[in-house]
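Q: Dumping what TrEMBL says about this protein:
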type	residues	note
TRANSMEM	12-32	transmembrane segment
TRANSMEM	38-61	transmembrane segment
TRANSMEM	73-93	transmembrane segment
TRANSMEM	99-125	transmembrane segment
TRANSMEM	134-154	transmembrane segment
TRANSMEM	166-186	transmembrane segment
TRANSMEM	251-269	transmembrane segment
TRANSMEM	275-294	transmembrane segment
Amino acid sequence: MPNGGLKAWLQVLGVFCMMINTFGASYAFGVFEAFYTSGYLSATAANISIIGAVQVFFLLASGFITGPLFDRGYFYHLLWAGAFLTCFGQMMTSICKEYYQVLLAQGICVGLGSGCLFTPCVAILPTYFSTRKLLASGIAATGGPFGGIIFPLMFRYLEPRIGYGWAVRAIGFVMFGTCGVMIAVLRTRMVTANGKKVFDWTVFSDLSFMMALANANASSNAAFALLLVANAGSVFGRVIPGLLADKYGPLNILAPSSIVCMVLLWTWIPNNSVGGLFAFAALYGFFSGCVKPLA
């Protein structure tokens, strides 16, 4: 098994680009959700949130299908299909005017494309490293929060200047370019032989929980900034724990980080200040960031 080298680190670059277009797109949905609820779509906030939920569902649940397909040698088929669906869905989102259209394009199409990419691309990375797997995975995983920072900033800056359609297309062009890099560098070395209910919808009917959210009283600008802070914290949280895990072991880093995340999820509830929410976003982004590369 190779341990690094140019080809191996090119795989890290390719998976980094994949994470930008998959988790980065899902992390960025918050800025689209705020725009849609401001009056662009004739739908309730609850229905609009379903678009992002559907996107994440297909991103994760598609692994039940893409995993076995990867095992059977269909890696490049999945790579091309995923690249096409994510870019096509993003471009179709730019011309959507109705709720069902956005659900089909941004929710289902982008979600399915992300699902085609995520599991196969992540599976090839460990085959190129023998001792630096966690560091490589941590660096590659920063693509998710990186996209979660860049895409909202692009949309927030471009939408008032060139309109919704071209702002979404500009993001699509970035996705197209990163997909090109991904296709150019990702190469599978071998086909492996390893051939719950995710959402708790009752949380939205929990009156005390909804009152706690309302009590935060953050403006739309503050909510946008919180999204960026959390994703920025996650960038560092995916690299630094990876460095430590290579030295001390992944479980010794993952376990305390998970405990800190659990504690943080309790600390924000009594908080009633925007400053406290920013502190929570930064800390939670950092400690939760280590879960994907180390799990």
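Counting starts with 1 at the first residue shown.
Using N, Cα and C of the backbone, Cβ positions are placed for all residues, glycine too.
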Q: Could you name the stretch, out of 38-61, 73-93, 134-154, 166-186, with the greatest number of CB pairs under 8 A to the transmembrane segment (12-32)?
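A: Ranked by Cβ pairs under 8 Å, first place goes to 134-154.
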Q: Cβ under 8 Å, sequence separation of at least 6 from the ends of the transmembrane segment (73-93): give me the contacting residues as numbers and ranges.
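A: Answer is 21-22, 25, 66, 101-102, 104-106, 108-117, 120-121, 124, 168-169, 171-172, 175-176, 179, 182-183, 186, 188, 191.
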